[in-house]
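Undergrad: Checked Swiss-Prot, it gives:
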| type | residues | note |
| --- | --- | --- |
| SIGNAL | 1-28 | signal peptide |
| BINDING | HIS148, ASP159, HIS262 | Mn(2+) 1 binding site |
| BINDING | ASP159, GLU194, HIS456 | Mn(2+) 2 binding site |
| REGION | 262-265 | region 'Substrate' |
| REGION | 284-399 | region 'Involved in dimerization' |
| BINDING | HIS298, ASN348, ARG361, HIS456 | substrate binding site |
| SITE | ARG307 | site 'Necessary for dimerization' |
Amino acid sequence: MATSAAARFLAALAGAAVLLVLLGGAAGAVVGHDDDAAAARRTMEEFAGFPASDYRGDGGGGSGGSSPFYVDSDGLQRQIDELASFSDSPVPSVTRVLYSDKDVQARRYIKGIMNQLGLSIREDAVGNIFGRWEGSEAGLGAVATGSHVDAIPFSGKYDGVVGVLGALEAIRMLKRSGFQPKRSLEVIMFTSEEPTRFGISCLGSRLMAGSEELARSLKETVDNQNVSFFDAADSAGYKMHPEELHNVFLKKDDYFAFVELHIEQGPILEKEGIKIGVVTAIAAPASIKVEFEGNGGHAGAVLMPARNDAGLAAAELALAVEKHVLESGSIDTVGTVGILQLHPGAINSIPSKSHVEIDVRDIDEKRRNNVIEKVHQSAIEISKNRGVLLSEFKIINQDPPALSDKSVISAMEFAAKQLNLEYKLMISRAYHDSLFMARISPMGMIFIPCYKGYSHKPEEYASPEDMANGVKVLALAMARLSLQ
């Protein structure tokens with residue numbers, strides 16, 4: 001055996017041994033005991049034919065150490081930067097909207113990395129992308145991970161992207177270490193987690209979870225340029241018949257577990273100096289659209305007692321949302337009036353129409369729905385008191401919250417402990433594809449800190465160290481789940 005070949009062979013064995021020790025021998029061995037490490041080392045030397053100390057590796061990405069079980073942080077950051085270049089807005093912002101040219105370029109980039117890793121790649125009718133590493137028992141439900149790469153206008157380059165590129169780096173780590181999965185491992189790039197183009201959050205994962213309602217509504221869905229969903233998909237290379245949407249639906253036994261790596265999008269981990277967040281539940285939002293109609297008129301000629309102001313009705317409802325949310329008595333209940341539009345929108349014209357969009361979230365579905373009902377009653381009362389017409393009060397979506405599965409939480413906690421990383425059990429208050437994957441698979445999420453909790457803005461940032469920690473926890477958790 002040539003020296004270089006022997007070194008590579010030993011490197012793989014060393015990585016497998018390190019992973020074996022971290023995983024507890026995959027058969028109940030006590031993790032971290034000197035006897036286990038020594039036994040693994042002796043096995044490596046026996047197979048390689050020369051002492052393990054002969055191997056020296058650079059660790060990759062500046063991480064150091066002789067084990068192939070490392071994160072190539074430099075390579076991961078480079079990929080994040082390259083993916084960010086596929087944007088319809090100037091640096092440092094990222095804008096990547098569903099089925100746009102930049103979205104298509106990003107998809108090609110992700111598939112290119114999957115191909116380099118030797119994953120088998122498939123795409124469904126709406127463009128969810130799957131890269132699978134076949135396990136030794138491929139008939140078993142797979143262990144999946146992944147996230148999204150679409151980006152709202154003028155946002156940052158880490159939201160979702162860390163969960164896709166980081167997942168691919170986790171697969172690369174496991175392959176490099178010599179790990180052999182029992183259950184197949186799969187990385188998913190979900191289509192349109194953001195609602196930017198068609199007003200539908202988590203479009204791809206929602207369909208994967210079997211949403212008949214969404215499949216029906218997409219037949220009539222258009223964007224703000226009156227381009228239909230199917231025409232937009234066709235322009236990106238996804239030509240389909242409406243009935244093909246049912247082919248996107250997955251069965252509950254397709255996946256044994258799903259784990260998503262994501263930046264926190266909040267300040268808690270950074271503020272408390274904790275490296276890993278283990279998500280126990282995802283708060284589900286309800287979206288509401290409200291419209292009032294009044295008489296309008298000239299801002300100077302119509303006296304105050306004679307006015308039926310649709311704008312003031314909207315303003316009063318916005319305050320009512322805040323009031324009812326605070327009355328819930330729970331810190332986990334939040335409400336946001338994210339859109340308030342007035343017509344005709346002139347400084348010297350009394351608004352004749354107002355349009356309000358409201359987001360209410362909670363991990364307790366009953367409590368959240370109670371807030372929504374109170375907001376509805378307030379809208380009715382405001383309409384009567386102000387003499388305006390409540391022309392629409394429509395609940396756009398009202399998704400149930402999701403709890404992380406105990407088995408996935410256990411795997412994530414195990415991984416963090418083995419890596420000596422402090423972790424915190426926490427709730428996700430942001431929407432994620434995991435919310436819908438929980439309908440078809442045991443689910444869990446790994447959070448890493450992000451700078452000042454910033455997200456959906458150009459200042460969004462996660463450090464290489466924090467990303468590496470998240471990737472390592474993901475890799476170990478997936479490996480453990482794969483062997484079950």
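Every residue gets a Cβ built from N, Cα and C, even glycine.
What you are looking at is a predicted structure, and each value in this text was computed from that prediction instead of being measured.
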Undergrad: DSSP on ARG361 (substrate binding site), three-state: which is it?
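TA: It is in a strand.
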Undergrad: What is the maximum Cα to Cα distance, in Å and rounded to a whole number, among the residues HIS298, ASN348, ARG361, HIS456 annotated as binding substrate?
TA: 39
Undergrad: Here's one to test understanding: among the recorded positions ASP159, GLU194, ARG307, HIS456, whose C-alpha is closest in space to the C-alpha of ASN348 (substrate binding site)?
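TA: Sorting the recorded positions by distance from ASN348 (substrate binding site), the top entry is ARG307.
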Undergrad: List the recorded positions among HIS148, ARG307, ARG361 whose C-alpha is within 10 Å of the C-alpha of GLU194 (Mn(2+) 2 binding site), in sequence order, or say none.
TA: HIS148
Undergrad: Same-chain residues six or more away whose CB lies under 8 A from the CB of HIS298 (substrate binding site)?
TA: ASN348, SER349, ILE350
Undergrad: Whose Cβ lies within 8 Å of the mean position of the Cβ atoms of HIS148, ASP159, HIS262, the Mn(2+) 1 site, other than those residues?
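TA: Leaving out the recorded residues gives SER147, TYR158, GLY160, VAL161, VAL162, GLY163, GLU193, ILE263, HIS432.
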Undergrad: Give the distance between the Cα atoms of HIS262 (Mn(2+) 1 binding site) and ARG307 (site 'Necessary for dimerization'), rounded to the nearest whole Å.
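TA: Cα of HIS262 (Mn(2+) 1 binding site) to Cα of ARG307 (site 'Necessary for dimerization') measures 49 Å after rounding.
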Undergrad: For each of HIS262, ARG307, HIS456, count the other CB atoms within 10 A of its CB; which of these recorded positions has the top count?
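TA: Neighbour-count leader: HIS262.
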Undergrad: What are the other residues, in sequence order, whose C-beta lies within 8 angstroms of the center of the C-beta atoms of ASP159, GLU194, HIS456 at the Mn(2+) 2 site?
TA: ALA151, ILE152, SER155, GLY156, GLY160, GLU193, SER455
Undergrad: Among ARG307, ARG361, HIS456, these being the recorded positions, pick the one whose CA is nearest to that of HIS148 (Mn(2+) 1 binding site).
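TA: Comparing Cα positions, the candidate nearest HIS148 (Mn(2+) 1 binding site) turns out to be HIS456.
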Undergrad: Where ASP159 (Mn(2+) 1 binding site) and HIS456 (Mn(2+) 2 binding site) are concerned, what is their Cα separation in Å, rounded?
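TA: Between the Cα atoms of ASP159 (Mn(2+) 1 binding site) and HIS456 (Mn(2+) 2 binding site), the distance comes to 7 Å.
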Undergrad: List nothing but the one residue from HIS148, ARG361 whose Cβ has the fewest other Cβ atoms within 10 Å; the candidates are the binding-site residues.
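TA: Lowest Cβ count within 10 Å among the binding-site residues (HIS148, ARG361) is ARG361.
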Undergrad: Look at each of the binding-site residues, ASP159, GLU194, and point out the one with the fewest other Cβ atoms around it within 10 Å.
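TA: Taking ASP159, GLU194 as the binding-site residues, the minimal 10 Å Cβ count falls on GLU194.
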Undergrad: In this predicted model, what is the average pLDDT of the region 'Substrate' (262-265)?
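TA: Here the mean pLDDT over the region 'Substrate' (262-265) amounts to 98.
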Undergrad: Roughly how many Å lie between the Cα atoms of ARG361 (substrate binding site) and ARG307 (site 'Necessary for dimerization'), rounded to a whole value?
TA: 34
